[in-house]
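Undergrad: Following this message is one structure expressed as structure tokens.
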Amino acid sequence: MAASELYTKFARVWIPDPEEVWKSAELLKDYKPGDKVLLLHLEEGKDLEYHLDPKTKELPHLRNPDILVGENDLTALSYLHEPAVLHNLRVRFIDSKLIYTYCGIVLVAINPYEQLPIYGEDIINAYSGQNMGDMDPHIFAVAEEAYKQMARDERNQSIIVSGESGAGKTVSAKYAMRYFATVSGSASEANVEEKVLASNPIMESIGNAKTTRNDNSSRFGKYIEIGFDKRYRIIGANMRTYLLEKSRVVFQAEEERNYHIFYQLCASAKLPEFKMLRLGNADNFNYTKQGGSPVIEGVDDAKEMAHTRQACTLLGISESHQMGIFRILAGILHLGNVGFTSRDADSCTIPPKHEPLCIFCDLMGVDYEEMCHWLCHRKLATATETYIKPISKLQATNARDALAKHIYAKLFNWIVDNVNQALHSAVKQHSFIGVLDIYGFETFEINSFEQFCINYANEKLQQQFNMHVFKLEQEEYMKEQIPWTLIDFYDNQPCINLIESKLGILDLLDEECKMPKGTDDTWAQKLYNTHLNKCALFEKPRLSNKAFIIQHFADKVEYQCEGFLEKNKDTVFEEQIKVLKSSKFKMLPELFQDDEKAISPTSATSSGRTPLTRTPAKPTKGRPGQMAKEHKKTVGHQFRSSLHLLMETLNATTPHYVRCIKPNDFKFPFTFDEKRAVQQLRACGVLETIRISAAGFPSRWTYQEFFSRYRVLMKQKDVLSDRKQTCKNVLEKLILDKDKYQFGKTKIFFRAGQVAYLEKLRADKLRAACIRIQKTIRGWLLRKKYLRMRKAAITVQRYVRGYQARCYAKFLRRTKAATIVQKYWRMYVVRRRYKIRRAATIVLQSYLRGFLARNRYSKILREHKAVIIQKRVRGWLARTHYKRSMHAIIYLQCCFRRMMAKRELKKLKIEARSVERYKKLHIGMENKIMQLQRKVDEQNKDYKCLVEKLTNLEGIYNSETEKLRSDLERLQLSEEEAKVATGRVLSLQEEIAKLRKDLEQTRSEKKCIEEHADRYKQETEQLVSNLKEENTLLKQEKEALNHRIVQQAKEMTETMEKKLVEETKQLELDLNDERLRYQNLLNEFSRLEERYDDLKEEMTLMVHVPKPGHKRTDSTHSSNESEYIFSSEIAEMEDIPSRTEEPSEKKVPLDMSLFLKLQKRVTELEQEKQVMQDELDRKEEQVLRSKAKEEERPQIRGAELEYESLKRQELESENKKLKNELNELRKALSEKSAPEVTAPGAPAYRVLMEQLTSVSEELDVRKEEVLILRSQLVSQKEAIQPKDDKNTMTDSTILLEDVQKMKDKGEIAQAYIGLKETNRSSALDYHELNEDGELWLVYEGLKQANRLLESQLQSQKRSHENEAEALRGEIQSLKEENNRQQQLLAQNLQLPPEARIEASLQHEITRLTNENLDLMEQLEKQDKTVRKLKKQLKVFAKKIGELEVGQMENISPGQIIDEPIRPVNIPRKEKDFQGMLEYKKEDEQKLVKNLILGNKPRGVAVNLIPGLPAYILFMCVRHADYLNDDQKVRSLLTSTINSIKKVLKKRGDDFETVSFWLSNTCRFLHCLKQYSGEEGFMKHNTSRQNEHCLTNFDLAEYRQVLSDLAIQIYQQLVRVLENILQPMIVSGMLEHETIQGVSGVKPTGLRKRTSSIADEGTYTLDSILRQLNSFHSVMCQHGMDPELIKQVVKQMFYIIGAITLNNLLLRKDMCSWSKGMQIRYNVSQLEEWLRDKNLMNSGAKETLEPLIQAAQLLQVKKKTDDDAEAICSMCNALTTAQIVKVLNLYTPVNEFEERVSVSFIRTIQMRLRDRKDSPQLLMDAKHIFPVTFPFNPSSLALETIQIPASLGLGFISRV
């Protein structure tokens, strides 16, 4: 297809822009050939007419489809041109925060100016082992590719890191070296990788400085070769440096600094060891203050100094050499402060005793006067003489600066040499990887010699890069058999020839330097004459005669000729160097030892301005100087030589390119300046790579990928079984121009733009399909909507019409009803109105008539009352008138009579004064006397009457007197009473008075109180009202508070629950962390143990060199039988005596756990011995007390004696039988003919001796039983017979006393044996009793046993008395307890109720606790006693049964008739199998070999019961415990553990082996717990299983050992699982399309990734599920515990989830909507597998939660704030860094998807900023969950286990 056909409407193009370099626009109409103007619409919204160039008529660059923007590889872009590259880099850098991008074979790294979390060890592990195209671009991917190619191709590699200052070259090189150090490790224990990394801070301190573009700019180039051995582990390194910028030592531009080391020294000047340097602030020195910026923000120079010194120490630079370095550096600073004063124009001097110079000379150890002289003078030599010439101040200053630069350069070289010596390895280097950190192309306003050398080096590197790219392209075409056409690319050779060829720029420069009067101007003229108008790449500036222009591959650069000659010469005065060489400071002359030799390639540019001519003083003595002069090389010549060596090295290696880009000049984080970026892209060769790729076939697709992507463009008939032919047929139809593509063997090659065209066709097809689908769907939806609306309308109409009909019928009914209602209502109204009117009329009439009657009555009543009133008024008026008249008359009379009386009185007064008055008075007296005489007479008469009356009255009086006397007496009594009453009344009155007073006072008080009460009442009422109001408010507040409290309680409850859950989780996490830490330590211990074993084997191989022909022993018989853990030197020292006593045994180190256990057991035995001694003493007393009682107690047991005698006879016959067998064996042994057979070492002799030993043991057992039975018989006989024999008693008493003196059973047994021997030798008279006199011995033994029984009776009696005493003591203690209880009760009664309850509870708890402890102690003792008694009972029952069976076999036929047969004794052997396995000590190695070392898990798992080896081992341990053989137990357990470790070491990568022994180890551990006898483990046991518990040994320490072993096996199992699953996970979970056709493959670049379509060799999800099924079935077959299987499954799913998520986070091509759908489907399949296996509660699903959430994050909507909130709440299992990384990596696969906007990502970051989670990006795929082994008892009975013959264990027997 022609390119012009793509310029259609809506096509997007790039047009040049002066500000943004390139601007995007959209065509508004189709382009037609011949159009001169394009109508464009800019993204800013403006329309633009773009005029095409009339000459070239080039159309603007087309823009790539959006789905191709942001690709990992720039060569994956369909349109390869500058704007596409720039836009892709900008989108990745700004929008996706991705700083790395591939450009073919080049890694483009953009400096983010920000610390990114993408360089951790987890990222290194993720990139390790991956192909370069499988992961997102990264410096680690380049490093891994170099490391992998070195190992695969066995070819040295180089990583070339270039770029501008500040672009990040040094950091990139540092991370590459860190990757090598982490991945490869070192071949020795010297940590070479740490030394390699430690060289960075040293070289940065002496070679890096702050510039205006970079705070840590490398001012030199370096090439570091990292050496590897044959196993590709780091063994050393070597560093080469180039072009150190020496001029920075003496001069710094504004805002720049000198080298870091000077400021670090000044910052550390206060340290004690630096006081001798006499340093101070950096502003005090001329060489450090010129830039005016002595401090770098965020950098602490003092700390950096500490890091530098630490690195020097690590690299082996001693403290003395370090101080020497610092002395020289401090001397350079003081030298810069040396000042000169001018004496005249041509001479100068230094002030006397100049302090800076004095300090310099002191530090350097040189003479002050001599140095002062040669700083101001120079020596000139001619052909005949030599003379000293003073120099001017300017020349002296330049000479001083030249000397400082020279010293610093020499010191720099010395440090580099020492670093190389520290990194040098004595081991031969097999291969190396070189890291070249060199300056990029530079162009400034003023360019000098430094820029010329730098650009010259870049021309050479660019040529090498172009040739390498061209070579790779050619190889790719030839590999795919594509017709090769020559690609035109820029050739740097003409420019290189211009610089380095004969008569080139460098040649002319060196020639001019040799001229005596050569200057920069003459050199410039020679350049013009030689190259101007002859070389197209050389130009002369128009306005200058001292500059020249070179057309480099990146740009034209104008160089100023001034200073070229001086810098090329690099002059320094020889006399000053001689002064330094004569220094007393030893280190300083070492720096100048190579002065006579050629200057090192590290010699750098110089700013010295005075030429130096080193000529001898006299010709005869000047041959060495003359030779030095002839062989002195210029800086240009040295640099050209070192550059040629570098190119030779690079050409001999496989190069890898890293191009560092500086995004802006202001160091702003994630800010992209398009102009600066384009300049650097052009300069670093990235665009040249693009151009070379675009010239050929840049887009390449495999046939399968092409078919998968463009299947939509094919018809069904076009699809063939042959994918290649199908693609050919389709391409011929789609692209008519066959030159636009080529078919290779495995790929299709497209020219630039064709993929975009195919994408356009695909998008159009999909868009048409979408439109058709939308059309059909919309039509279907609208028709469905119409039908639904029509049906709804019909339904509505039906209901409306029915409603209307019902309304009309209702209307009719209501009308009829209304008429009837109206009729009756009207009748009712009229009738009611009539009744009302009639009633009203009647009422009116009645009221009217009443009113009239009442009026008449009231009138009559008024008239009657008026008459009465008139009568009363008239009478009152008359009476009033009469009274008034009478009152007036009386008054008049009174007045008149008063007047007459007054007149009479006046007359009498006058008469009284006269005689007449006396006369009148006398006349009046006579009348009176007469009247008195008459009165006397009358009185006499009256007297007589009165006397009579008196007489009468006297009688009456007497009677009355008597009465009165009586009355008087009575009254007197009454009076007395009255007096008393009166007194009482008085007192009462007084009291009344008082009470009245009190009453008054009370009334007053009452009044006051009432007043106060009234006030109080008012106040109270007011207060009550206020309180009511407050109460109301308080009630409201209370309700609010109650509601709030309820809410708070609810919230607190929820909070507490959450807190409890969190604390529980935290505790679980802490417990898991502790378990993990312990298990990691265990893993580390195991690793160290394996390392120790390996080293031990190596040492063994080194010491014991095998001889020729010697056969290697079997690995299973290795002598390395070391203990597992807990062994120590103390235990071995304590075990020395046993080793010396048994030299033939194998010397195994003593197990400390068993040693401690045995010590404990010895203590217990000593205590038990003491108890038995006490018991023996008590029994002795009981025997003495029971003697008297036995005499009085007749015992007649005839039947029992007969039975006992019968038993005695049976035992005697059995004894005789055993003796006969013993004699026969001895006889057979003595009659052997061959002496070698009967020799002590012969096999037959050993077998016979074993039989003899077993028979002897059996004979001893039988003798003991005979003794017991006979002792019972004798005791019964002695009880019947009278005890008359005193001698016997005396003897028995003596013997009893002797027996009592014996301390233990061993002494008693020895005494018994000695007694037998004595009786045999002395009692010869008793031989007549039987043949050998044994009955007498037995009789004597029985007597002694009788005495023992008597002592036992005494002990029983004593025990009874002790029990009685104990009961009395208990009663006493109970009494004391009762008293104490009463005291406590009395105390409690005095306490308050709460304290009383608490005290009683506390007391009760204490009492119950004590009782519980006592009961537990008693229960334990009883359990031990019961177990011992049961064991003894079983042993005795078994022995008696065997005796009875043997006796039945020896009975004659006649006896069979007489005696009954007991058939129950025949099958007892099977029933009494105790579940133990017996083996001999020497068979232990055979047991371990056959059961562990030689066992095949597959056969055992399939054919036998699960855990059979564990059961067999435990049954053997049981038997050793039964025998109380601690040595056997320890040896067996130690051999078992070591053998399991050997098997796992030998076959540790076999899953079945590891699973088998993990299962058996856990089962062995469970058996040790189940049968340990501890209550916690015996709950689920049967009674029979409880009988099988261990009785003698507590193996708790070995349980811990086995638990640790199980943990190690589990971790090994997890590693095996991970190794098996890891290759499947990424392919099966991410790359494989489980749902075919959902995700299309996007175009890829040169860095090809694995196809997502499943080929025959790739893994799918079914592969993972099959592998999981295999794991699960194997673990189930081996009988692994279900809980342990769940933990293994959880770990497997965690590995799957972690690896999948990590790869998702590092692969941009996997972050799409369709891939999220694939992941969720795959996870659902895994969940379905869990459901099928019933493992959903194992926690495995939860480990996949981060992966599930990441898949959901890829599929959810990502636009609005609600979407952001939903994402934040949904992705709680992902960290913030992971969420942001997924959003940044999200890439649309189709044009219908949209990218995530930057603003949305920032919204997510803002919402998640408060979340506290790990900043780590990747999950730890190596993390192993801590494992636990829950107790799982077995229901299998040990006695039912059968041992198959296939195990080869025939030498063990069941017991």
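Cβ coordinates come from backbone N, Cα and C, glycine included.
Because TrEMBL annotations are produced automatically, they should be read as predictions rather than curated entries.
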Undergrad: Check each of the ranges 22-44, 643-665, 850-872 against TrEMBL and return the one annotated as region 'Actin-binding'.
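TA: My reading of TrEMBL: the region 'Actin-binding' range is 643-665.
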Undergrad: TrEMBL tags one of 598-631, 1108-1141 as region 'Disordered' - which one?
TA: 598-631
Undergrad: For the binding-site residues listed here (S165, T170), which one has the lowest count of neighbouring CB atoms within 10 Å of its own CB?
TA: S165
Undergrad: Below 8 Å Cβ to Cβ and six or more residues apart, same chain only. Which residues does that give for G166 (ATP binding site)?
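TA: Listed in sequence order: N111, T211, R213, N214, S217, K662, K667.
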Undergrad: Quick one: which residues besides G163, E164, S165, G166, A167, G168, K169, T170 have a Cβ within 8 Å of the ATP site's Cβ centroid, in sequence order?
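TA: Going along the sequence, the neighbours appear as N111, N214, S217, S218, G440, C660, K662.
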Undergrad: So if I measure Cβ to Cβ from G163 (ATP binding site) and keep only same-chain residues at least 6 apart in sequence, which ones fall under 8 Å?
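TA: The list for G163 (ATP binding site) reads A109, K169, G440, R659, C660, I661, K662, Q680, C684, given in order along the sequence.
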Undergrad: Let me check the 10 A CB neighbour count of G168 (ATP binding site). How many other CB atoms are there?
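TA: Around the Cβ of G168 (ATP binding site), 25 other Cβ atoms lie within 10 Å.
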Undergrad: Take the domain 'Myosin N-terminal SH3-like' (8-60) and count its residues per DSSP category (helix H/G/I, strand E/B, coil), listing them in that order.
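TA: Going through the domain 'Myosin N-terminal SH3-like' (8-60) residue by residue, I get 0 helix, 24 strand, 29 coil.
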Undergrad: Suppose we draw a 10 Å sphere around the Cβ of E164 (ATP binding site). How many other Cβ atoms does it contain, all chains included?
TA: 25
Undergrad: Within 10 Å of the Cβ of K169 (ATP binding site), how many other Cβ atoms can you find? Include all protein chains, please.
TA: 28
Undergrad: Summarise the model confidence on the coiled coil (915-1098) as a single mean pLDDT, whole number.
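TA: Mean pLDDT, the coiled coil (915-1098): 77.
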